[in-house]
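Taken verbatim from TrEMBL:
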- Lys107: active site, proton donor (ACT_SITE)
- Lys71, Lys95, Ser350: substrate binding site (BINDING)
- Thr191, Asn222: NAD(+) binding site (BINDING)
- Asp147: site 'Important for catalysis' (SITE)
Amino acid sequence: MSTHGKNPYEIVQELLKESVNGLGLDESIYQILKKPMRVLEVSIPIRKDNGDIVNYTGYRSQHLDILGPTKGGIRFHPEVNIDEVRALSIWMSMKSAIIQLPLGGGKGGVIVNPNDLNERELEELSRSYIRKITPIIGPKKDIPAPDMNTTPEIMAWMIDEYDKLNGYNVPGLLTGKPIIIGGSQGRLEATGRGVVITIREAANAINLDLSQATAAIQGFGNVGSATAHFLHESGVKVVAITDESGGIYNENGINIPELTEFVAEGNVIADYEKCESISNEKMFALPIDILIPAAIENQITKETAPTIQAKIVAEAANGPSTPEGNDILEENGVFIIPDILCNAGGVTVSYFEWVQNTMNYYWKEEKVNRELEEKMISAFKRVYEMKEEKKSGMRQAAYMVGIKHLVLALKARGWIKNGDLSKM
Ligand code: GLU
């Protein structure tokens, strides 16, 4: 995730500050929110199969636990860094607050390219990382989950390691587990399902008929592929998809079920034959209705934003737009569904998973999907109403909704005085 010189921690702090001001709150609220309460750095030496020891660096950041335990994924990526993990933990706080989950924000990461490791080495890294962060995690403290390049299988190794140390099985330690060991129905597709729920709400708001609409997606990992699936199911024509392997374009719409099967067989999207190839740059500039960045940070920038013709930009990735990119989209009248709203379906179903683990009683998929839909729709409404009330953009409105919720909790806990809230 190339940050193109933009530090996501500075970006999120800027957004927090603007939104605290936008709500007319005292600067002291920003002082509380601007830093994670705890950040742990760990070293993870791994013996590779060639005999060498490589020492990886990992982090876990916990932003704020006033609403409940902190929660958020763990990513394995070569460009992970401490500020990115800090920012991602703040974004998690915002997501949980916007959905009104009783959770705070957390995030973890290891600086590694998982393609450089074989399966045994990846398992050792996963087990070792969780051992190193064991003192600060737990079902009542901080609950990890998958993120970029981490899968249900990796979650299974991690929880197995934790259970060995702990002496008994703690299913609520982390979420995104395989269903057989306490995972939730619907968790794997939850982020993509939530993305498409917000797209549907946005389409209603701007009177866009989804059955006539076209879309393009950057990224075909867990979130991008599930988003493609649900868009296809809603009658949207997905005309272009790009990822690290390249890009594909078909003006009549890509056959998503066939592409999904092709990728599941171990192929990369660039090798899918029934399409022309397309660069990411060209895809961003296509005359489509919906553009979905579902990959990495800082993709919609002051360079790329002016080329975007889409009516809706749905941020399935975390932090895909820079502040300049966001402003250009807003000036051009694009309807932005900001990341902290758009991709919050993942943590929402993770919360359901944790609830089921705590009850030791498991829900049918239909119930999971129904409750997800209800929570995403009400969160969308809260953000949209805030945007109307404050005459702000959607991103600032999302921050204001999240901050307002956190402020009520801070007030209940006696952290702030009435004067700080006078205008809220
Ligand atoms: N990694 C996901 C996110 O960024 C999900 C977090 C979770 O399920 O706790 O929202």
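Every residue gets a Cβ built from N, Cα and C, even glycine.
Since the structure is predicted, the reported quantities are computational estimates derived from the model, not experimental observations.
Features as recorded by TrEMBL, highlighted on the structure.
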residue: Lys71; record: substrate binding site; Cβ neighbours (10 Å): 30
residue: Lys95; record: substrate binding site; Cβ neighbours (10 Å): 28
residue: Lys107; record: active site, proton donor; Cβ neighbours (10 Å): 33
residue: Asp147; record: site 'Important for catalysis'; Cβ neighbours (10 Å): 22
residue: Thr191; record: NAD(+) binding site; Cβ neighbours (10 Å): 25
residue: Asn222; record: NAD(+) binding site; Cβ neighbours (10 Å): 23
residue: Ser350; record: substrate binding site; Cβ neighbours (10 Å): 29
| remark: Same-chain shell around substrate excluding Lys71, Lys95, Ser350, C-beta within 8 angstroms of the CB centroid, reads Gly72, Met92, Ser96, Leu101, Leu103, Gly105, Ile143, Ala145, Thr175, Ala344, Gly346, Val347, Thr348, Tyr351
| query | Between Thr191 (NAD(+) binding site) and Asp147 (site 'Important for catalysis'), how far is it from one CA atom to the other, in Å? | reply | 11
| Asp147 (site 'Important for catalysis') and Ser350 (substrate binding site), Cα-Cα, nearest whole angstrom | 12
| query | ligand 1: which of the recorded positions Lys107, Asp147, Asn222 have a Cβ closer than 6 angstroms to it? | reply | Asp147
| query | Distance between Asp147 (site 'Important for catalysis') and Lys107 (active site, proton donor) at the Cα atoms, whole Å? | reply | 9
| remark: The correct three-state DSSP answer for Lys71 (substrate binding site) is strand
| Is Asn222 (NAD(+) binding site) helix, strand or coil when read with DSSP? | helix
| request: For the residue listed as 'active site, proton donor', identify the closest of the binding-site residues Lys71, Lys95, Asn222, judging by Cα separation. | output: Lys71
| Per DSSP, to which secondary structure element type does Asp147 (site 'Important for catalysis') belong, with helix, strand and coil as the options? | coil
| How big is the substrate site in terms of the longest C-alpha to C-alpha distance among Lys71, Lys95, Ser350, in angstrom? | 12
